[in-house]
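Per TrEMBL, active site, proton donor is recorded for Glu151. Annotation comment: TrEMBL describes Glu249 as active site, nucleophile. For 21-311, the entry in TrEMBL reads domain 'GH26'. The signal peptide annotation in TrEMBL covers 1-18.
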Amino acid sequence: MYLPLLLLFSVLCQVTLARTPTNPLLWSRQPCSIIDMPYHSGMRGRNGIYWGWNPDVENGDNITMINRATGHQATTVSYFSQINSPSGFDGHQLLRHLDEVKGTGAALIASVMPNGLSFNEVTPAIAADIANVVRQFTDQGVEVWLRFAHEMNWYVRPGTYRGNSTQFVKAWRTVYAAVKDIEGCMMFWCPNNAKTMDLYEEWWPGPEYVDIVGMDIYASKTTANFRNIYGGFYEAYAKKYNKHFVIPETATKPDDVALKQSWLKALASDDLSAYPCLKSISWFELRKSFDYRVVMGQGNEAVQESLKNFR
């Protein structure tokens, strides 16, 4: 009688352990607590904010290489994946990094982009496919921040995403319903920078459908700081709704060295204790229209200057 019960208990424990983040970062953490001891042993700015990277995988970089170059274990790593057809999503662009992400102990920012279908075509079946990909990470103890259809307010303009804000909200809630019970998965709402605050509201899915809020923006002036770039958005969504605030993607335009160092210092070294919902920042460590990188492919002097901002 006792043996079957013990076996059942053992199986339940294994399932629970597999689905609980091995290195929790935001999971089960109070979003805006002033007294909030670090959960994760990974990379942090001198101001205590967790730090991660968007690796330039298309040009041969990966998070292991960045960790080696910095001498720190990133707390987050960001990868992108496209849904190319309404017939299904296999998440191969994410899954090819599963073992590496698991090995680093970082949380995964999974940017899933509905490029090959309209918002109206994000059906429960597509959402179930997304959930299946997410589970393959969470079952390995990886915390996942699911950044579905990020920068939606921008990508609808050139037609990369197809649909309007009402259809986006419906698609978001469909995906939320599919992943909401996955231990270690958090839904991450992330529009692109807008000229006025009212332009975000039509894209807001509602606080009950969002775990993390953030915004993508690239600084263009050395006077940029958290308050004058993110302050209004932070107040309107993180503070108002008691949500984690994360910067998942940032760098500078243009790629001037002095500008990059100024923005890096503003985010990683400046005192940001007035913004307790702010938990994590990820630098866009890629070469595209600009060389956004501050570590990979940079001169030793520039790298050492960058690393002064971290502990």
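Glycine too: its Cβ is placed from the backbone N, Cα and C atoms.
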I need the least crowded one of these active-site residues (Glu151, Glu249), counting other C-beta atoms within 10 angstroms of each C-beta.
Glu151
Do me a favour and check the Cα-Cα span between the residue listed as 'active site, nucleophile' and the residue listed as 'active site, proton donor'; whole Å is fine.
11
